[in-house]
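S.K.: Swiss-Prot lists GLY76, THR79 with the feature Na(+) binding site, giving sequence analysis as the kind of evidence. The feature transmembrane segment is assigned by Swiss-Prot to 6-26, 36-56, 68-88, 97-117.
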Amino acid sequence: MWQKLAWIALAGAGGTLSRYALSGLVQNLCGASFPWGTWVVNGLGCFLFGMIWALAEERLLITGEIRFIVLTGFMGAFTTFSTFAFEASQFLRDSEWLLAAIHLIGQNSLGLVCVFLGFTISQII
C-alpha cells in the first residue's frame, strides 16, 4: 500500500512540474492576453488520458496498476480537466445525454462560481 502511494506521489510531482513548465512555456510564447498555457495543458491532458486509458483497456499494453498510478498521480496533478472530459465522454458514449449535459454544465458552472466566491471572499478577508 505504501509503495503504491509513493508511486502516486512521485507521479503527481512529475505532473505538477510538467504542468508548470509547459503552461509557462506556452504563455511566454503566446503572450499573457489569453490563458493559452491552460488550454494546451488541458487539451494535452485529455489527449493523454484517452490514449493511456485505451492502451491499458483495449490493447493491454499498460497494466491496470500502472494506468492507475499514471492517471491518478501524473494526470491528476497535470490536469483534472482530463478526468472531467473523460467522465463526460463516458456519459456520451453510453448515450446518457441528460447526465452528460448535467455534468458538463454543472461542473463548469460550479467551477466558475467557486472561483468567483474564492476571489470575492479573499478580498473581504
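From the backbone N, Cα and C atoms, a Cβ is placed for every residue, glycine too.
Computed from a predicted structure; not experimentally measured.
Set these features in their place in the structure for me.
M.R.: GLY76 (Na(+) binding site): 19 other CB atoms within 10 A of its CB, across all protein chains. In the three-state DSSP classification, GLY76 (Na(+) binding site) falls within a helix.
Long-range neighbours of the transmembrane segment (36-56) within the same chain, counting only residues 6 or more positions beyond its ends whose Cβ lies under 8 Å from a Cβ of the stretch, are 19, 22-27, 30, 62-64, 66-67, 70-71, 75, 78-79, 81-83, 85-86, 89.
Residues 4, 7-16, 18-19, 41-42, 45-46, 48-50, 52-53, 62, 100, 103-104, 107 of the same chain lie 6+ residues outside the transmembrane segment (68-88) yet bring a C-beta within less than 8 angstroms of a C-beta in it.
Only residues 6 or more beyond the boundaries of the transmembrane segment (97-117), in the same chain, are considered here, and those with a CB under 8 A from a CB of the stretch are 84, 87-88, 91.
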